[in-house]
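Chemist: So TrEMBL lists these for the protein:
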TRANSMEM  12-36  transmembrane segment
TRANSMEM  48-72  transmembrane segment
TRANSMEM  92-110  transmembrane segment
TRANSMEM  122-148  transmembrane segment
TRANSMEM  168-186  transmembrane segment
DOMAIN    171-259  domain 'DUF6534'
TRANSMEM  207-228  transmembrane segment
TRANSMEM  234-257  transmembrane segment
Amino acid sequence: MSNLTISITGLTPFLVAVTICAPLWAVTIAQASAYYRTYPKDRAFLKYLVGFCVILSTAQLATIAYMVYFWMIICRTPPNYAFLGVLKKSLIVVPAYITYFLTTVVQCFYAMRVWFVSGKKVLLVVVIIILSITQLGGGFALVSYMVTIDSIIAVYSRFNHISGSIELGSSMLCDIIISTSLVIYLRESRTNVFRRTRHAVDRLVLYSVNIGLLTNIMALANLVTWLAAPESDFTWAIFHFSLGKVYVNSMLVSLNARHKIRQELRAGQYVSPTSMFDVDGKWEALSIYYGTDCI
């Protein structure tokens, strides 16, 4: 069976997902524009990474919007009444793949930051990358199984409950480790700086906490609404499709925050490149500085 017939009201979560993803995408465009204007001298790798994530985020929104357009507009014309309330798996596969891939890309970006702020601890970064790849594998397995069975209802199968739980669980654990690692190592660096620099370090700690807080809340809501939902309910889609946008925006916000933090860190003499924002070991503006006053 290639389709799952549901009531038209069952498609409401997808409409809600579009209304949430659209403004999040607008924030992505604004943040990306600000990034390219503010940091024209960043390494090509970061510029390409930002552009790549923006393109994927745009493609995801376009495919989700087309889903809603197909069900709510095209299917209501007389020649297409037969498709009204029919949820086609082909319309959900592409944005789902993009969501899982964006999550892994951003988590690996944060793994680089953990690498620098932790003093290049290999084991810690390897654990983060393994969890991120596990998330990607679980998500791809879920969608691929749905394609193989040729039915959207396969998302509620036992196999997909297992693979989906692995995907969301590993993603949440990965975010927790990233945030915890950044907080711990930044707090350690705080004890070695002067008073006027502590505020900047505290800001970095706050950013680190925010990295995992919102994504974990949304991932947990996704998991709960998915496991507890009947086969005709797609409330989980609201959180699932929004999650990719949240990851991309978190990366862009942290990149754009460098300018303000740089100003706070220019209080004294350069010490060492230990900031989590120094992703390539090059940017002096993202290093921990000493002030002129003692602790």
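Just so it is clear, glycine is given a Cβ too, placed from its N, Cα and C backbone atoms.
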Chemist: Looking only at the domain 'DUF6534' (171-259), what are its DSSP counts of helix, strand and coil residues?
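Modeler: Tallied per class, the domain 'DUF6534' (171-259) gives 77 helix, 0 strand, 12 coil.
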Chemist: Where else in the chain does the transmembrane segment (12-36) make close Cβ contacts, counting only residues six or more beyond its ends and a cut-off under 8 Å?
Modeler: 47, 50-51, 53-54, 57-58, 60-61, 64-65, 67-68, 71-72, 233-238, 240-242, 245-246, 248-249, 252-253, 255-256
Chemist: Let me know the model's mean pLDDT on the domain 'DUF6534' (171-259).
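Modeler: Value for the domain 'DUF6534' (171-259), mean pLDDT as a whole number: 81.
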Chemist: Hey, which bits of the same chain come close to the transmembrane segment (92-110), Cβ under 8 Å, at least six residues off its ends?
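Modeler: For the transmembrane segment (92-110), the list is 49, 52-53, 56-57, 59-60, 63-64, 67, 128-129, 131-133, 135-136, 139-140, 142-143, 146-147, 152, 167, 171, 174-175, 178, 182, 211, 240-241, 243-244, 247-248, 250-251, 279.
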Chemist: Who are the long-range neighbours of the transmembrane segment (48-72) in its own chain, taking Cβ under 8 Å and residues 6 or more past its ends?
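Modeler: Same-chain contacts beyond the ends: 8, 11, 14-15, 17-18, 21-22, 25, 28-29, 32, 35-36, 83-85, 87-88, 91-92, 94-95, 98-99, 101-102, 105-106, 109, 241, 244-245, 248, 251-252, 255.
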